[in-house]
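According to TrEMBL, the feature repeat 'PPR' maps to 119-153, 226-260, 261-295, 297-331, 332-366, 367-401, 402-432, 438-472, 473-507.
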């Protein structure tokens, strides 16, 4: 198939491409080939020179790469690159060619070298694409250019920028964006603020979210917080145990024209349950029931049930569960898991098993939390074999145990001196690439092996532990030191103690005193003295490091104006 171009159009086309060939250092025929190809392959036929120009410049940018953009220095480009044509080139580089970095380079080149005044649409396209491609440093630079050139992002672009920078952890710049928007009187939609607060809370930066809410959102002239805004901050405060501060916000909602909803109450009830105030949570449940605006849902009831389970008051927890059923609210998987865990911790495995069977009858499939709670309950009751049978049932259901399932069974087996079985579970854990275990899983096995005099195998377990990127803790080192001492391997014990200090794991008095006692009994007073000195120096070094990282504040009691 051939591209048909009239003689007049062909003449205009070559006359149009001639200065381009000088710009990029290519023969006119080569440039013409590129131009015809890009017109033929990428767009409808058109005789409009602007269309040709956009396609030719875009294609030449791609073929010449960013290193050749300096060769585009030309009065011809300066005279023919209008803001709208530049926008089309950038949009083509960014969209069709998916090269945001090259689009930015062309944008910057035309702005700085050719003095092109860019359209706000150009800035918006670049900001969106650079954020989506992860070029946040370039997006920040484009935003700064945008403000210098007198443009302001609209609410949609602003929301994208705030969310994108917050997602990569640059909360400071996200705050700066919102501050600029407020000072520039740019309308900010509620989802922008709410999304930002949600990300702060998810990153465990609750106090930062509270400060931003109090210092920025609540005082903003451009935006009034809605119920969702309050819910996010209240939920965050309750998650970190700051329930009273959460209630302060709850009581302030009316002054902003907001009314609490069921999500608000659920967050507060859950927060009260976390801090052991189940009765206050029940009062809030009754408050919801007495109103006519909304009804408690499964989360409301489950939060109250959880509070009583944490207190061991299973009678009250069961009563609330029965009330929930009679109210027509269907229990969830979490509801059943909370009850099973509560019964297991209180030693009532008959009720725990009954709840499990009730759960199956309701068509609610168990998960790893369900089985872990049941296994924990049986192990607490001294029925480790029943826990192992549940372990097998998990495998039959293709449910992978989590780190806590391993820890519970391993610890229980070690308590019954069934070290070999616990060791087998560690071998299974070694094959699990999705689990990065903690020292508390390995320590019972290491301790059991050391007490049995098998310190060599204990060292093998430590090696496996480190291979799983699990660093020994203070208890691990103490167990190993005492274990080697009991076998008379004093030199190895001293090596372990030295390593403990080298990795920055400061020994406590139990570790030091036990080791010194073993050295003295072995007739090694000089070594005991050196260990005492090394431990003291290590402790002083740790304290010195803490002081440098947390300098002492001498003005803590000086009042500061709010």
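Any Cβ shown, glycine's included, is placed from N, Cα and C.
Taken as a whole, the repeat 'PPR' (297-331) shows an average pLDDT of 97 in this prediction. Helix, strand and coil residue tallies for the repeat 'PPR' (297-331), in that order: 26 helix, 0 strand, 9 coil [DSSP]. With DSSP classes pooled into helix, strand and coil, the tally for the repeat 'PPR' (438-472) is 26 helix, 0 strand, 9 coil. Contact between the repeat 'PPR' (402-432) and the repeat 'PPR' (297-331) is not supported, since fewer than 3 Cβ pairs fall under 8 Å when only residues 6 or more apart in sequence are counted. Using a Cβ-Cβ cut-off under 8 Å and counting only residues 6 or more beyond its ends in the same chain, the repeat 'PPR' (297-331) has close neighbours at 262, 265-266, 269-270, 272-274, 276-278, 281-282, 285, 288, 338-339, 341-343, 345-346, 348, 351, 362, 364. Sorting the repeat 'PPR' (119-153) by DSSP state (H, G, I as helix; E, B as strand; all else coil) yields 26 helix, 0 strand, 9 coil.
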